[in-house]
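Just below is one structure, and these are the notes that go with it.
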Amino acid sequence: MGSVDLSTLKVVEEWERKAKEILPKGAYDYVNSGSGKEETSTKNVQVFSKWSLVPRMLRNVKTSSLATKLWGVTLATPVMLAPVGFQTVIHPSGELAAAKASDKLGIPYITSTVSSYNIEAIALAAPTTPKFFQLYWPGDDEIAVSFVRRAEQSGYTAIVLTVDTSVIGYRERDLQNQYFPLRQGAGMANYLSDPIFQKKYNAEGSNEQTELIGKIAPLIFNQTLTWEKVAWLKTKTSLPVIIKGILHPADAKLAKAYGVDGVVVSNHGGRQLDGAISSLEALPAIAKELKGEMPIFFDGGIRRGSDIIKALALGADFVCVGRLYAYGLAFGVEGVYTVLKNLISDLDVSLALTGVTSISEVDDTIIVKNT
């Protein structure tokens, strides 16, 4: 890894190739793969080519800004780091490295429930940038509330509730490789450091990995989660609650009806229901229901600056990147930092070439669907 000059890696696909070279096959496939035949994960990326930007000319773009606002707070860019779990399978520093890189760039970081370092440690690694906590609602409500309380106490400013994981997707490559990150000792930190989990599920203080996996795995996914539970969660925290995994406009309406503070248009990177609509295809209908009512976050297939502009033009207010920075994480803090720096530079150039000088100017007048 040390022999690679990261400054020479400018092409997204080259980062992916380098990550494949240095990561064990199981770890790489875990990051890279989708569910089933990977139709949806592939479509997430390819669908951007179905839309074209229509740039404006003879505009003064000498001075431009990528800054945008969320709930009154100015953010450096509309880019955020999506929650990616089990990051120590990619690099020993895992989430700490990714959080440090986001902090250097002022990009919000979303901590996963199944992170390999706990809520508190990740907050310390990124002391200045905004941080959100992504909640996989456990099968135990007390643990869910405990996680939220810990996030509040550690300075997180929003809860991102993932709702598309009632069961784990049928991920063929992981099954073929017999690769499951919990077996690598990854993704357990928030449970093992949680007082409610320890009291109710590990009172004997076991450190035996197989036994711990047996206790944690059944808690990660929740098949009984409903909109009423979302309303209940709102009564348990003063933080904004964002719902991640919305694809249907009817669910966007329900999000508004139940007082949700934001939605993430996402199909979990194509890792859950294969054959599902791509995030970009779902975005316009969601935006029609919610634009101006609450922030719309977009997640799925972002690889370049022009992708970001297309998502914003179709109604997103912010975009999240996941796999993209995960490939950089194979090289630690500097890998994540360099990947994100490249993406932001690309966005800055693409914005100017579109003929607009601020994120707020991006709208549907500069995009058309190809025929």
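Using N, Cα and C of the backbone, Cβ positions are placed for all residues, glycine too.
TrEMBL: automatically predicted annotations, no manual curation.
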Of the candidates ARG171, ARG183, ARG323, the one that TrEMBL places in the glyoxylate site of TYR30, TYR136, HIS268, ARG271: ARG171
C-alpha spacing of HIS268 (glyoxylate binding site) relative to PRO83 (FMN binding site), in angstrom: 10
Cβ atoms near LYS244 (FMN binding site) (within 10 Å, other residues, all chains): 25
Overall pLDDT of the domain 'FMN hydroxy acid dehydrogenase' (4-371), taken as the mean: 98
GLY85 (FMN binding site): tally of other CB atoms within 10 A of its CB: 21
Cβ neighbours of ARG171 (glyoxylate binding site) where a neighbour is any other Cβ within 10 Å: 21
Candidates TYR30, ARG171, HIS268, ARG271 (binding-site residues) - the one closest to GLN134 (FMN binding site) by CA: HIS268
